[in-house]
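For reference, TrEMBL has these:
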TRANSMEM  A:12-36  transmembrane segment
TRANSMEM  A:66-83  transmembrane segment
TRANSMEM  A:89-108  transmembrane segment
TRANSMEM  A:120-143  transmembrane segment
TRANSMEM  A:149-167  transmembrane segment
TRANSMEM  A:202-220  transmembrane segment
TRANSMEM  A:250-270  transmembrane segment
TRANSMEM  A:333-353  transmembrane segment
Amino acid sequence: MKNKWKNIWRGDGIVNFSSSILAIVCGLLFGFIILLSSNPQQAYYGFMMILQGGFTDGIQGIGQMLYLATPIIMTGLSVGFAFKTGLFNIGASGQFTAGAFAAVFVGVKFTFLPPGLHCLAALLAAILAGAIWGLVPGLLKAFFNVNEVISSIMMNYIGMYLVNMMIQRTVYDQVKNQTMAVADGANLPKAGLDKLFPGTNINIGILIAILCVILIYIILNKTTFGYELKACGKNPNASKYAGINAKKSIVLSMVIAGALAGLGGALLYLADSGKYMQVLDVIAPEGFSGISVALLGLSNPIGILFAGLFIGHITVGGYNMQLFDFAPEVIDIIISAIIYCGALSLLFKNLIYKIRMRKSAKKNKKEGK
Amino acid sequence: MSVVYFVIQQTMYFAIPLLIVAIGAMYSERSGVINIAMEGIMVMGAFVGIFFINIFQDRMSGQKLLLLAILIVAVAGGLFSLLHAFASINMKADQTISGTALNLFAPAFAIFTARMIQGVQQIQFTDTFHIDKVPVLGDIPVIGDMFFQNCYITTYIGIGIFLVAAYVIKNTRFGLRLRACGEHPGAADSVGVNVAKIRYAGVIISGVLAGIGGLIFVIPTSTNFNASVAGYGFLAIAVLIFGQWRSNKILMAAFFFGIMKTLASAYSAIPFLKSLPIPNEVYKMIPYIATLIVLAFSSKNSQAPRAEGIPYDKGSR
């Protein structure tokens, strides 16, 4: 038993975890300083609102937090999965938008399907659309050596304009400049969660997201396929030498990443929450939040789940903070500070490793090795 | 003929900011530091610059105000980029992460500050900088119509910056050292070049140029600043990669994209394009699709700086 605890203390997990916590503390402190400098009297109350986040409004707040966290967990998973395989998927926004549109389109038009099947069809359409949006940068990277960062940025814009056009031609509500409402049968079932969290938009979306987290965790850590993908990310030449088809790995990584982000789009809009896709020339912010979530969760699926929940939590806090006349953007400032400190905390990690090395060196000396 | 003049004048508004921001990113990346924070630095620059103009426009106007704003923005951009330089050079952090942090920070900071100070997030400014016709030069037939009418002083500043920057990186001792640090920092270090110092210089130059780029993007295309530069920082990185990290190719890439973007946004003023039965959104997509296609054919031999993104560790020499 003692040995087991020692192993946990010595493992990477605890180091990563403690450096993430340190980064979060630093980020929150920075946010507090910003609040203090803009309005000293209210700063304390505003800051408490952030810390309480979803818990301020009891059960309702927690339900709202889970609803907000769902799409960014999915985009975070998309970005994090691509990171693990050595790709920077900055195109999660485009994949998210493509998936969201496919889901809404199927949700509005395919009313001939029975309710349960209708929802499933909408989810599958979203996965497919997201996967296609990820496939393009993947193919370009694998066969034409096009940098995936630039091609997925381009795909973000193409997706945004294409989806705007498609909305206006197919499922457009002209009065409100947004999509029509999805048929009831296509919305995600609530499965009793609305009884658990009354008055919120919660549905099984969060459970689907958790399922995806587990799935990606298993793929990355327990399968040969995942190992090959990771190997290609770490060292493409070595994996090629070991007989791994690097081109196939790159394409598949991007397809899976795209599918995850696309599904995220479906989970956000198939919720009967009064949120509709707007026709705006703005890239979906969920994709960029996904980058934050992935970085905060250190690209580890389990870490991403908690990072997504954390960001959902303080985002709800940000809304509540408007009571005290603070702009909710301070949340983004805090998240950026956390990520920045997270980048620096690699240093902190190295420090722990160094201390450990010294300790074990001393021990070895004592034992006369 | 007036359509051609119009397209060229419009192209300048789009291409010049892209050009100098991409050149800035080139300085950073060729010194070995990936700077994905160009978007954030542009937003920061535009925010500081427009805010300055907003405050001082009662007291002065015209080119003097604009030039002063550009100077201030250059300093602001340089200072902001120091955060990235510190993380990626001293702390040996993952450069994508610290860049992303800056990208997230800048718009949030701009909106927060604007709302706390003036209540709304849009910052208004009066455009007193537009030049209808440059004296003497504007009267030259054809060329005058193309380049010296209906323009902004920022166009010439941008071209000037490009010429100087392209010369410095190619022909000076500093430029050679900078390139060496991006290709093989160990070798540069072994002959006494201070890698950290050079990389700091590279990142700061990128910050200065991105700051200026942010301001000169907003001024001709809008009358208020809404905490966004419409993804131009990311596009500039695309232009940099498209231009294979070489100044001449970046010039071509920036203008290729600028012309495409102009056709996309101003096609309705061009009789031939307007008569085609193509929806508005398709035109807007064209610049991005065209860039993808061109990249597919031109990326086989990437000439990215070899040590790009890798923190320099003396121990690994």
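Keep in mind that glycine also has a Cβ here, set from the backbone N, Cα and C atoms.
A quick note: this is a predicted structure, and the numbers were derived from the prediction, not measured.
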Applying the under-8 angstroms CB criterion, which one of A:66-83, A:89-108, A:120-143, A:250-270 scores highest with the transmembrane segment (A:202-220)?
A:66-83
Among A:66-83, A:120-143, A:333-353, point out the range having the most Cβ pairs under 8 angstroms from the transmembrane segment (A:250-270).
A:120-143
With Cβ-Cβ distances below 8 Å as the criterion, list the same-chain residues six or more beyond the ends of the transmembrane segment (A:120-143) that contact it, or say none.
87, 89, 91, 94-96, 98-107, 110, 113, 151-152, 155, 159, 182, 186, 208, 246-248, 250-266, 270
Give the nonlocal contacts of the transmembrane segment (A:89-108) in its own chain as ranges (CB under 8 Å, at least six residues past its ends).
71, 74-75, 78-79, 81-83, 118-119, 121-123, 125-130, 132-134, 137, 148-149, 151-153, 155-160, 162-163, 166-167, 170-171, 179-183, 186-187, 254, 257-259, 261-266, 268-270, 277, 283-288, 290-291
